[in-house]
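According to TrEMBL:
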- 37-72: domain 'FHA' (DOMAIN)
- 121-386: domain 'Protein kinase' (DOMAIN)
- Lys150: ATP binding site (BINDING)
Amino acid sequence: MWGKFVCEQFHKEIPFNKGEMIIGRKAYEFLSSIVKVSVIHCIIKRSELPNLTVTTITDKSTNGTYLNGERLEKNLETYLSCFDEITFLNKITQPDYITFDYYDSTIIDLINKQCSLFKKYQLGKYIGKGSFGVVREIMELATNTKFAIKIINKEKAKNSLNQIHRECNTMKKINHPNSVKFKELFETNEMIFVIMELINGTTLEKVLKENSLSHQEKNDIIIELLQLLKYLHSIDIVHRDIKPENLMITRIKDEIHIKLIDFGFGKELTGTIHAATLCGTPLYAAPELFEDKKTGYDARKIDIWSAGVIIYIILTGRHPFCSNDYKIKELLDNIQHNSYSSFPCFNLLTDSQQLLLKGMFDSDVSKRFSASECLECLQRKRQKEISDVFCSSKKDII
């Protein structure tokens, strides 16, 4: 047997012992009652090439075969990798969908020979996919504690291996409730496995689209974000890609919290507050990143600018410098002309909110607020603007 499909829904396995396997309603009894599964739904093929063995999947169905959440083009062979998730039918629109996990026996044997991953952990359900592999749940056998595991194919990530190791080394140094916690790393000749805290929540990007945050929840998110940046910068770590997609929102006992994830652009500052590599997302990038400089930039102030963009969106519902279909020139022109302060929504903000954003959006990097100054600004304004009854509550800072 060179591989298998595992279906947790029916507690069934489909062993692969031939070079070509036909999967469908006719071939397997447990699929026969699902009428929307085709008689021949897909074909799994194992091919021996010079110095390489490849597995492919070909959709033959009427209602669709999905690989890691994306529908396959019918009759087109697509590479299949160990730990991929295959779904018959659409998860969202068809409740009788069925899901399989693919395991390659050769890969599993090599992992067991080269590291102790599966001696300590049991692999769980699929969570999502990244640039170089998939993310799944995993359970620590000794404690029954669930974590997330990022499974990285070294061949796919060959130009980013240093970045991946740097991300892990950065996360190891962080101990803060609002940042994802690193657990451990396993590595084989072909793969890297990064185990980290499992976060049950959704991204701030999705939450903002739903427009579901209360006034108090907005305040909590802003305070936690600034407190986290103060901590990171105090230990000489910068993130450099602060954006809503990298902030997870969790709710515990009616309290909202944030978790910062994806330290792929994260950096430990050594001996200087400057960094030289340009990175991040243009919509959240500070203006100095677009300048032709050879002296580097203050990476802490880059994080502050990005956080300012997020806070502006949280408070007003729109981006401070451009529309959704923006162009870089429009973005830079609006930054230069401080367009954020000309929108009617900005004038609806409180004095403390306006002062905070002006400090975070100062184009003069030397005058732009630090995370500590952002928090001090809010603290000073709180003492002037709200009554003593609310002074002790974080929810009334803004």
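Cβ atoms are placed via backbone N, Cα and C, with glycine included.
TrEMBL does not curate its annotations; it predicts them automatically.
The shown structure was predicted, so the numbers you read here are calculated from the model rather than taken from an experiment.
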Same-chain residues at least 6 beyond the ends of the domain 'FHA' (37-72) whose Cβ lies under 8 Å from its Cβ atoms: 2-3, 5, 16, 19-26, 31, 78-81, 84-91, 94, 98, 102, 104, 106, 126, 128-129, 134
Composition by DSSP (helix, strand, coil) of residues within the domain 'FHA' (37-72): 0 helix, 21 strand, 15 coil
